[in-house]
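> The following feature annotations were taken from TrEMBL:
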- 26-48: transmembrane segment (TRANSMEM)
- 41-296: domain 'G-protein coupled receptors family 1 profile' (DOMAIN)
- 60-78: transmembrane segment (TRANSMEM)
- 98-120: transmembrane segment (TRANSMEM)
- 141-164: transmembrane segment (TRANSMEM)
- 197-226: transmembrane segment (TRANSMEM)
- 238-259: transmembrane segment (TRANSMEM)
- 279-298: transmembrane segment (TRANSMEM)
Amino acid sequence: MEWENQTILVEFFLKGLSDYPRLEPLFFVLILMMYVVILLGNGTLIVISIWDSHLHTPMYFFLGNLSFLDICYTTTSIPSTLVNFLSDRKTISFSGCAVQMFLGMAMGTTECVLLGMMAFDRYVAICNPLRYPIIMNKNSYVPMAAGSWFAGVMNSAVQTAFVIQLTFCRNNVINHFSCEILAVMKLACADISGNEFIMLVATTLFTLMPLLLIVISYSLIISSILKIRTSEGRSKAFSTCSAHLIVVIIFYGTILFMYMKPKSKDTLNPEDLDATDKLISMFYGVMTPMMNPLIYSLRNKDVKEAVKNLFYRSFFNK
């Protein structure tokens, strides 16, 4: 690859599935289909959360934000991944890689914080139903969503700024589908201990703290549900938060499976990343945004009814 003054990196090579060329057409079709489902599913949720007056509540406001976030998150990486599957030149410029890192980190952080806000919303709805309209009014849930986006942008801006200041003068092959920030950091020929410390602090603040909020919220929710005497009441209470709980389990479960690996695995050369790791990463980056609207649609009567009304008006009221 080209270099300037032997220290300034011009471009990165995204290895992806280059070692498995026969799999590339198959995964191109699969990922393209998933991307279409992501756009249609999340786009539909955004439309009904705006169009249907019955869904003008904090829960569906957060859900609309989550759907928009999933569309943005996948759009930062999937189109370029699809192009790379069909292209012999699987490269990305240094500036393009920086933009992709920034957007991916911003969307990922925002989703972590937003899921925490959604868990708090469900806690108030179930544990303090009489005070819910007072606590979760427009002056509270709009700033909560805006704060989630702000946290994601600021965290990503700081981490990306420190990464692009590193010196890259050796290997420029990223053994990944996109410019994932950890994969890029490992290519630096400079001390990255400062970057790792910043990432540790950011992970604690924007990933583990929202997870702690989710755990506390659902512990109180489950305790409150168990106190309900009738099985019908318990079922109704659980149904209001089950979709969000499933999304949280899938989202955080995949993150933990990806990153909570044995030390011996983490210390391997980045070129030793195998196909299984890449497929897990794909699940995290594609499957979760695709499943979110399906989960909310299948587990929520209001959403199913709103979708039916939307399609009925679209096809029969012309």
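Don't overthink the numbers, they just go from 1 along the chain as shown.
Using N, Cα and C of the backbone, Cβ positions are placed for all residues, glycine too.
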> Return the stretch with the most CB pairs under 8 A relative to the transmembrane segment (238-259), choosing among 26-48, 60-78, 98-120, 141-164.
98-120
> State, in range form, which of 60-78, 98-120, 141-164, 197-226 has the highest count of Cβ pairs under 8 Å to the transmembrane segment (26-48).
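Out of the listed stretches, 60-78 contacts the transmembrane segment (26-48) most.
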> What residues elsewhere in the chain lie close to the transmembrane segment (197-226), defined as a C-beta under 8 angstroms and at least 6 residues from its ends?
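Sequence-distant neighbours of the transmembrane segment (197-226): 109, 112-113, 115-116, 119-120, 122-123, 126-127, 151-152, 155, 158-159, 162, 181-182, 234, 237-238, 241, 245, 248, 252, 255.
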